[in-house]
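**Student:** Below is one structure. I have some questions about it.
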Amino acid sequence: MHRGKGMKFVGDSRIPAEKKPNIPKDYSEYPGKTEAFWPNFLLKEWMVGAVFLIGFLVLTIVHQPPLERMADPTDTGYIPLPDWYFLFLYQLLKYEYAAGSFTVVGAMIMPGLAFGALLLAPFLDRGTERRPWKRPVAVGMMLLAISAAVFLTWQSVATHDWAKAEEQGKITKEADIDTNAEGYKVFKEQGCISCHGDNLQGGAAGPSLVDSGLKPDEIKKIAVEGKGKMPAGVFKGNDKQLEELAKFISETTAK
């Protein structure tokens, strides 16, 4: 057959590329079902975030932070307390089975099991259901964790001595202490330093003696008879030492 013989041209078989302009979808066709991410959805997110941010800034301005005195690593009477979101773990470490020789159990094993269960939760419950009563494993683990954290936090708050914690962290005035004074030597020899601090700044066991506002006779009476948590008979010195101690404390004032 010669070239072209017996063939008939019927038209162009190529498919033309139809170019359409990139027109955004008209969301009015689906009222209440969908919307544009920008700016409709994102603007709502920003507005909610702005409300929380402004509220947080107002709280930081209105309420002063609960600052305590400068940390002193030599103060063995200070009882530290974690922030509220760690109170449940703080309370857990108080129990016999999670403290002492079992500290590893309370500090490592139990939290490790809890976080391990949290990581395994997506693999333990792979269902497509969204109703809580049809997801017993995930919902049960969540309720158990929340209940335990709430109970331990409540126990920690209820059993903690907040008045003592406030007293031990109170910011006290500084004073120039003459460590060569006879009154300070008596103060140190009689063991007053263990409760009231080496600079008379006070602590968890005793109040600050700086700017006490007490007269020497009042100080002598307290040293002999005691007051509040201070028992009687703590002072073991003679009358001269008592006089020096009372004079020293009454004259100790802040800068």
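Quick reminder: no glycine exception, Cβ is built from N, Cα and C everywhere.
These came from Swiss-Prot, pasted as-is:
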- Cys192, Cys195, His196: heme c binding site (BINDING)
- 178-253: domain 'Cytochrome c' (DOMAIN)
- 46-62: transmembrane segment (TRANSMEM)
- 104-124: transmembrane segment (TRANSMEM)
- 137-157: transmembrane segment (TRANSMEM)
**Student:** How many of the residues that make up the domain 'Cytochrome c' (178-253) does DSSP mark as helix, as strand and as coil?
**Tutor:** 35 helix, 2 strand, 39 coil
**Student:** Starting from the Cβ centroid of Cys192, Cys195, His196, the recorded heme c site, name every other residue in that chain with its Cβ within 8 Å, sequence order please.
**Tutor:** Phe187, Gly191, Ile193, Ser194, Gly197, Leu200, Gly202, Ala205, Gly206, Leu209
